[in-house]
Structure formats: C-alpha cells, structure tokens
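Have a look at the structure below, then the notes.
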Amino acid sequence: MRSYTLLALAGPLAVSAASGSGHSTRYWDCCKPSCSWSGKAAVNAPALTCDKNDNPISNTNAVNGCEGGGSAYACTNYSPWAVNDELAYGFAATKISGGSEASWCCACYALTFTTGPVKGKKMIVQSTNTGGDLGDNHFDLMMPGGGVGIFDGCTSEFGKALGGAQYGGISSRSECDSYPELLKDGCHWRFDWFENADNPDFTFEQVQCPKALLDISGCKRDDDSSFPAFKGDTSASKPQPSSSAKKTTSAAAAAQPQKTKDSAPVVQKSSTKPAAQPEPTKPADKPQTDKPVATKPAATKPAQPVNKPKTTQKVRGTKTRGSCPAKTDATAKASVVPAYYQCGGSKSAYPNGNLACATGSKCVKQNEYYSQCVPN
C-alpha cells in the first residue's frame, strides 16, 4: 500500500514523496534500462547506458542490446555495493502504486528491509527501469547473479550466457567466480552484505538521491531537492563508485543531452516489452518497459564488501564492479580497523602509516583512492 507525505516547498508547488511497504525480487539482464530513453520524466538527462565493452554511450536512441543488433546495455557499475554494515546503495526496476515513469524514473528510495537475514538493514536505490511485469510497490533489485528474467542481454554482451537459473540466478557465492570480472564484486555483494536474502519485504520512502548514485547514472530529477535527505548513517566506509563513478560523472555530463530544470515530465515512449513472467521480473527494452541500463563507464566500480556466502533463489540479471586486491603493509603501525572500514594508505595520509584490517578480514583496493577491509 502506498501513502504520500506532502512536503512544503519554498515555491508555489508541492511534491508528494512516495512511501509505503513493498516487496523485492532480483535480476540482472544487462538490458538498456527504460529510464535511459529520453522523454520519460523531467530529468537533467536519461540514465546512462554502455556498449558491450562497458564504455558510456551518448546516443540515448541507441537500440537496446536485448534486441537483435542492439548496442546499448546496462553499465556494469549499476551493481550494488555496501556503504557500511547497515547501508548499501544500488539500482532497481520499479512499479510504484499510483505512480508512473514520470514520477519514478531516476527517483531514489530508502528501503528498510523487514524480513529475512537483512531485516533492519537499509538500502538506497535509484529507479532506472520500469517493471512491466511487476506488482504494485515492487522493486526488482539489480544484482549480478540474480537471474536474467524475461530478457537476456548478457549473452550478446559477454559472448556467453551467465550461469544460474533464469529466475533466481545462481545459488552459491562460488558461482560468482565464473562471471565476467566486472560483475564479480556485485555478485559477491549478494552473498555478503545482502546475506543471500531471498526477495525480502521492506518499507520505503522517497529521498534525495545520494551523489554516489547520481554520479553513476548521470540522471537527476528536476524535483530531487524537493524530497527529504536520508537521515541514516552514510559515513562509515564510503566506497563511492570509484573511477567508474568519476568516469561516469564526466561521461554523464558530456555523453548525455541535458534538460532544463524547468522542463515538465515528458511523455514516455510506448513500451515494447514482453508480458509478465512466472516470477517478478524486470521489463526489458524500450520506452516504458525497458530495463534500467545505468550508464556508467565500467573500468572501475565501487567494490563490494565480501562476506559469507548464502543460498537463495532470485530474479534476474548479473553484473558487477571489478575489484583489485589491495596491498597491506605487514609492518604498518596503525591500529587495526574493522570490516568495511577504510584501510591501507600511506604515511603522508595517515600519521601512523598503513591502516591494517582486523583479524578475519583483508584490505581490498576499491579504486585508486580508496581501499576497504573486507571479510575473508
């Protein structure tokens, strides 16, 4: 059920923030997201997409890679990652009661999980896709290894099918090892921070989009500042989308046509997606029912904390950010830091030298600027 909270604005207009309770599923179909087409909502630019080599595409009319001969796919850095033990960031395909793409494309929502092993944890997601086969207040979370669902753009993007069931994806963390390098981190996230939760329920509220998500998608709603800022802890270990995020920021600005802030929501393109499926799935392709294809350069993506594997069935897709093992200085004098906190560093940056990780975790390089303690 969805409710609305009226927020007073400085101007004459008021914007209602969506909130309520909902259900999640998972997917990763590699398809171009629906919100990557122009004219879906009043935004500065459509969500970014990438070619099969994970390079940002500037042509918002590029054909969906899930269609024959298509060249636009979801960028691998649309993979989820842990901000700290209790908060994660990511992207999703959505269908919100009483809304439409004009109201949810590129909008951000703070989810608080209410069931399963992640009960009590929070995740902020940006909606980059629309689920034509989803029910009301249904969020199809993008996570590599979650299953491709109705559409499969991964086979054409990577030259081979990704492992796992069409709905639900893989069932063990070790299966992530067979995935393309750029998808492994996001795949591991599912079994680590997300604890292999199987389609947990949640409560949600619309919030301002975190810069880290905007840097990846390159898409910001004109009314984003009208919504409340997330009040939870976002500091702990902030593995912001590494180079990929930075790359996307500039890529987003240069690659996508900008819209004026005053532009009203544009009419959405007619959808050409197939019908619903056996499990909550994700829409795939063109306007209205395309899959979220976050456009962000692949290169480097915020690495996800690696935790303990779990088994589960999910709904869709697969992709992820790449990660590089960080070097740890065995002779570092710095005091040890807990899992998911920043580690490594040099004497010039830290008075005590290299920051070592606590027993049971190792220092993993997320990008050229940041390393994080990840459980063994």
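Glycine residues also receive a Cβ, built from the backbone N, Cα and C atoms like all the rest.
Marked as active site, nucleophile by Swiss-Prot: Asp29. What Swiss-Prot records for Asp140 is active site, proton donor. Taken from Swiss-Prot, the feature compositional bias 'Low complexity' covers 235-258, 291-306. Annotation comment: Swiss-Prot describes 335-374 as domain 'CBM1'. The region 'Disordered' annotation in Swiss-Prot covers 229-332. Residues annotated as region 'Linker' in Swiss-Prot: 309-338.
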- Item | DSSP-derived structure type at Asp29 (active site, nucleophile), helix or strand or else coil | coil
- Task: Mind looking up the mean pLDDT for the domain 'CBM1' (335-374) in the predicted model?
- Result: 64
- Note on the structure: If you count the other CB atoms within 10 A of the CB of Asp140 (active site, proton donor), including all protein chains displayed, you should get 37
- Query: How many whole Å apart are the CA atoms of the residue listed as 'active site, nucleophile' and Asp140 (active site, proton donor)?
  - Reply: 11
- Taking the Cβ of the residue listed as 'active site, nucleophile' as the centre, count every other Cβ atom within 10 Å, in any protein chain shown. 39
